[in-house]
Amino acid sequence: MKILLIGGGGREHAIAEGIKKSKHNPSLYALMAKKNPGIAALCEDFLLEKETEVEKVVEYAKARNIEMAFVGPEAPLAAGVADALWEAGIPVVGPKKSCAIIEFDKAWARNFMKKYGIEGCPEYEVFTEEKPAHDFIEKLGDVAVKPSGLTGGKGVKVMGDQLPDLKAAKAYTSELLEKGSVVIEERFIGEEFTLQAFVDGKSLVFFPAVQDHKRAYEGDLGPNTGGMGSYTDAGEILPFMLPEDLEKAKKIMQDTVKALSEETGIGYQGILYGQFILTASGPKVVEFNARFGDPEAMNVISLLETDFVDIMSAVVKGTLGNLPVSFSKKATVCKYAVPAGYPENPEKDSEVTVEDIGDASIYYASVYEKEGKVYTTSSRAIAVIGIAETIAAAEKIAQNALENLHGKLFFRKDIGTAALIQKRIDHMKELRG
């Protein structure tokens, strides 16, 4: 079977490995904006092209007689790549544009949740003008401010965090209003977690819960990033969660998929990503994404025991409910090595060498190859993942691998450590009283 992967990041490298491990021995093709050396090594052939060039994507897929496609990042979904491939007779794992809007229009997503009474929605309003927006900030007093469109996970600012006070919240709102509409919502206090699922339009197959670390520096300090690393526990839930927290989050996602079918008239087929915050009164929705998280994809794909291509086929055929899907009962810790100075002033074009990474797996993200050597760009460079019986053991494997990457790199040593996880557990105990 010929499969096309669209996208060229660390997440897509993990997806490519998942596809290549299949017993069906598929031929993998890729279309990516920049050459990812990890993906290129797994492919029969690849095309370097902007992933949002819809006609070029379809043209390449037809020329290579592609039988099924997987869209990795959000931008091509927002551009309608899935719609165009289906029209060309090529089934796609990745929702059509009318469903992917749940990620690329934050205002639409909140209004949709409200319309269908989906649990976990904050008090919020959407604004296009400054005065009513500022008045609403005064009314709520503790807010999150979001641009309506795609921001690569870096556009949201929260009071008590990136926004020190009401004045800062108003100033950021005014700045965003110059570019478009703004969503202002009540700020939730709690611990964030990610729940991802394969969706075939009706049925959902859930991956274990993951916790990502958005802040650049240790101790959850510094600016937001695309994600510095993430971990899963040996079961479905994280150490600070209760089983009922997971069940509530699953129900929210099931209700969302059902409501999307009702709203759009088509089934949501692909990956649904729920970003939740666990509060004293249960899980609330931070946002939905229409694709795997990066780094969270690395954690969960590495645990999958069921054939990845079988799952892809079930997603596009709508038969996911008949496929038993299983995961290895192990813990994972994923950590990103990023260029020194990232995210604000990253050192580009620095050579990276990889020594013995032991039992870890390695995924290339924003790097490039020149004369057989690997160099950094301005974004996250290389992810390593440790898999073991416990989070502590997985963390050691990942950390050891990072110590064997050489170059002008930086990483967070605290992700997956007992001290940081205990901090999360204590925080939730305190909130729950």
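The chain as shown is numbered from 1 upward.
Heads up, the Cβ atoms here are built off N, Cα and C, so glycines get one too.
What you are looking at is a predicted structure, and each value in this text was computed from that prediction instead of being measured.
Look at Swiss-Prot and you will find 110-317 tagged as domain 'ATP-grasp', backed by sequence analysis. Residues or ranges marked as ATP binding site in Swiss-Prot (evidence: sequence analysis): 137-194. Swiss-Prot lists Gln275, Glu287 with the feature Mg(2+) 1 binding site. What Swiss-Prot lists as Mn(2+) 1 binding site is Gln275, Glu287. Taken from Swiss-Prot, the feature Mg(2+) 2 binding site applies to Glu287, Asn289, supported by sequence analysis. The Mn(2+) 2 binding site annotation in Swiss-Prot covers Glu287, Asn289, and the record cites sequence analysis as its basis.
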Among Asp161, Glu185, Glu287, the one of these binding-site residues whose Cβ has the fewest neighbouring Cβ atoms within 10 Å: Asp161
Residue among binding-site residues Gln275, Asn289 with least C-beta crowding, 10 angstrom cut-off: Gln275
Around the Cβ of Phe193 (ATP binding site), the count of other Cβ atoms that are within 10 Å: 27
Least buried by Cβ count (within 10 Å) of the binding-site residues Ile137, Val145, Leu177: Leu177
Nearest recorded site to Glu185 (ATP binding site) by CA-CA distance, among binding-site residues Gln275, Glu287, Asn289: Glu287
Nearest of the binding-site residues (Gln275, Glu287, Asn289) to Ile137 (ATP binding site), judged by Cα-Cα distance: Glu287
Top Cα neighbour of Val145 (ATP binding site) in the set of binding-site residues Gln275, Glu287, Asn289: Glu287
Number of Cβ atoms other than its own within 10 Å, given for Ala169 (ATP binding site): 27
DSSP three-state assignment (helix, strand or coil) for Val145 (ATP binding site): strand
Candidates Asp161, Ala169, Leu177, Phe193, Gln275, namely the binding-site residues, that fall within 10 Å of Asn289 (Mg(2+) 2 binding site) by Cα distance: Gln275
Of the binding-site residues listed as Asp161, Ala169, Leu177, Phe193, the one whose CA lies nearest the CA of Gln275 (Mg(2+) 1 binding site): Phe193
Collapsed DSSP category at Ala169 (ATP binding site): helix
